[in-house]
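Student: Would you mind keeping the following structure in view while I ask a few things?
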Amino acid sequence: RALRRREAEGDETGWAQAREEAEAARRELREVVRPLREPGYREALRRKAERARKRRLRLQRRKQEAKAAKEEEAARAAEREATIDQWRAKCIQEVEEKNRERELKAAADSVLSEVRKKQADTKRMVDILRALEKLRKLRKEAAGRKGVCPPPSADEAFENQVESLKTLLKNRTELYEAEERALRVMLEGEQEEERKREMEKKQKKEREKLLQQKLEIDSKLFGDPDEFPLAHLLQPFREYYLQAEHSVAALIQIRHEWDQYLVPADHPEGSCIPPGWVLPSLPTNDTWATAVR
């Protein structure tokens, strides 16, 4: 077009210069196009492009595998941390329980020791009173051998005083025994309440563990409900397989259908119904694993 324009304008000098530039451009273009006309160039170029594509895919796959391995390692680390935290919490709870039991036992021993000390003091006073009676009897016999006899009023006053002290000590003994029985009943009641609370905690943990296992099984069978909306493809299947949890009539119908196939454990033509869900086996190849994911 430039040559035609210059030729139309009658510019011979510019036309010659433009012609030389065109020839140079054509030669350069021929050098660029020349490899494309060789017999195996396009095949070599295709192989090179294929190698580049495979290399990009390989790098991308390695990157995804490295990312998945990193996420898996992070998940395992989080699981290990959770296990360690549970073990640490369990150890702390056991130590606290032992400390509470030790403190309770120490308090009980302190109170009971105080009551027993009172009982020992009362018993010692009873022994002293008996010793006084024996001592007065011996002195009275010694005075009688010497011809000295105390008046009957003195014997009566002594016996009245002794009986009064015996009654007082007896009442004290009964009071301390009742106090000891009350303390023992109270401590046994507290220990029973503590054992009951521990049993309730244990049962609660077991229920939570079973619930977590059930949620994991349901997640494997029907998908995680937090990840899928109500309009998800698996929602009709979830509603179908879990209808017995919301309808008594559905539960009766399902149990009736299952009961038709109940057989003994040693039956040659069948097996017992499993007690829970039958979980799918792990993928045996990469294609299946990709479909599962």
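We number each residue from 1, going along the chain as drawn.
Backbone N, Cα and C define each Cβ position, glycine as well.
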Student: Taking 1-21, 85-105, 211-231 as the choices, which stretch does TrEMBL tie to region 'Disordered'?
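Tutor: That would be 1-21, the stretch labelled region 'Disordered' in TrEMBL.
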Student: Six or more residues out from either end of the compositional bias 'Basic residues' (48-61), which same-chain residues have a Cβ under 8 Å from its Cβ atoms?
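Tutor: Same-chain residues near the compositional bias 'Basic residues' (48-61) but 6 or more away: none.
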Student: Could you give me the DSSP helix, strand and coil counts for the compositional bias 'Basic and acidic residues' (62-81)?
Tutor: 20 helix, 0 strand, 0 coil
